[in-house]
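Report on one structure; see the data block that follows.
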Amino acid sequence: MAHSLNEWLWQHEFWLPPGITWEDMQESEDIRYPKPHDLLLSIPFALILVVIRCAFERAIALPLSSKLGVRDKQRPKAQPNPVLETFYSTCCKNPAEGELISLAKQCDLPVRKVERWFRRRRNTDRPSLSKKFCEACWRFTFYIISFFTGLAVLYDKPWLWDHRECWTGYPQQPLQPSLFWYYLLELSFYWSLVFTLPFDVKRKDFKEQVVHHAATIFLISFSYCANYIRIGTLVMVIHDASDCFLEPTKIFNYMKWKKTCDSLFMIFSAVFLISRLVIFPYTVLYNTYYYSMEIFQPFFGYYFVNALLIILQLLHVFWSSLIIHMVYKFILQGTV
């Protein structure tokens, strides 16, 4: 059954344009094409990144936070109470008025004390500033490395300047070692983010982040297997461009450097909106949707990769609306 499933999954009709089969993708001594099993390397590499991250946050980011004056607030702890703790852990972290009254009767406490207990208990679970600072430092370090790695890999590639070159000779486009390692770096990083999701700071856009990570991993993996390497590298370098400004904005916010934070936020907003709402649709979406059909007829891989790219673009629109709202608030109130 596993063999039949494997044969069905890797039908060339799914992955390759009409008229091309896996036999046409045979390698030689001088030519190497992407192989699906290469992606398995991303799992151990992701675990290595998690270990590097832990060491980086403890040895570099945490001491740096102290030196830069990032101080955690001293929050009063809730007194031990088995009844309230059980309710907090299993039922609700923010009980309604009726539930507060019921819990107060069970514990023989005034309602205000029960309400205060839950407030302090929630505050205890809130991530500290130093934890947020360490996370932002790690992501900033990675995005800087990744972005400049992408530029170093792509600056002499013709498809960076002429987007129709993404499809010249497709799918028989040899895999260059630099592109392979760039892909592996990005895929491993997003897997590492998935592995650490339960331990990272949970933000308001947590669900959107999960969708984003899943779509990105699927997009990177599918584009590698179907040899959409050229278009994939453009997607990755465009995404990293704005992230290089987002993380230092957070860092300076935690340091209470308001003017620097506000300036970086405005730069980040401009880079994000231009890269995600202008450059990405033209360089990637239009390119993949229209230019590719000059070379081959639509097939399953064509529709699938475009669907993933559209999901990413919808997330771009969602985050752009939040950013525009924040910029509007900054213009009116002078603060973010």
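Glycine is no exception: its Cβ is also placed from the backbone N, Cα and C atoms.
What TrEMBL says about a protein is an automatic prediction, not a curated fact.
TrEMBL lists 39-56 (among others) with the feature transmembrane segment.
Across the domain 'Homeobox' (84-128), DSSP helix (H, G, I), strand (E, B) and coil residues number 33 helix, 0 strand, 12 coil. Residues or ranges marked as domain 'Homeobox' by TrEMBL: 84-128.
Here TrEMBL flags 86-129 as DNA-binding region.
Positions annotated as domain 'TLC' by TrEMBL: 131-332.
Taken from TrEMBL, the feature transmembrane segment covers 136-155 (among others). Residues of the same chain lying 6 or more positions beyond the ends of the transmembrane segment (136-155) and with a Cβ under 8 Å from any Cβ of it are 53, 56-57, 60-61, 64-65, 178-179, 182, 185-186, 189, 233-234, 236-237, 240-241, 243-244, 247-248, 250-251, 254.
Here TrEMBL flags 180-199 (among others) as transmembrane segment. Long-range contacts of the transmembrane segment (180-199) within the same chain, counting only residues at least 6 positions beyond its ends with a Cβ under 8 Å from a Cβ of the stretch, are 34, 38-39, 41-43, 45-50, 53, 142, 146, 149-150, 153, 209-210, 213-214, 216-217, 220-221, 224, 229, 232-233, 236.
Listed as Cβ neighbours of the transmembrane segment (264-283) (distance under 8 Å, sequence separation of 6 or more from its ends, same chain) are residues 163, 234-235, 238-239, 241-242, 245-246, 248-249, 252, 312-313, 316-317, 319-320, 323-324, 326-327, 330, 336. For 264-283 (among others), the entry in TrEMBL reads transmembrane segment.
Annotation comment: TrEMBL describes 303-328 (among others) as transmembrane segment.
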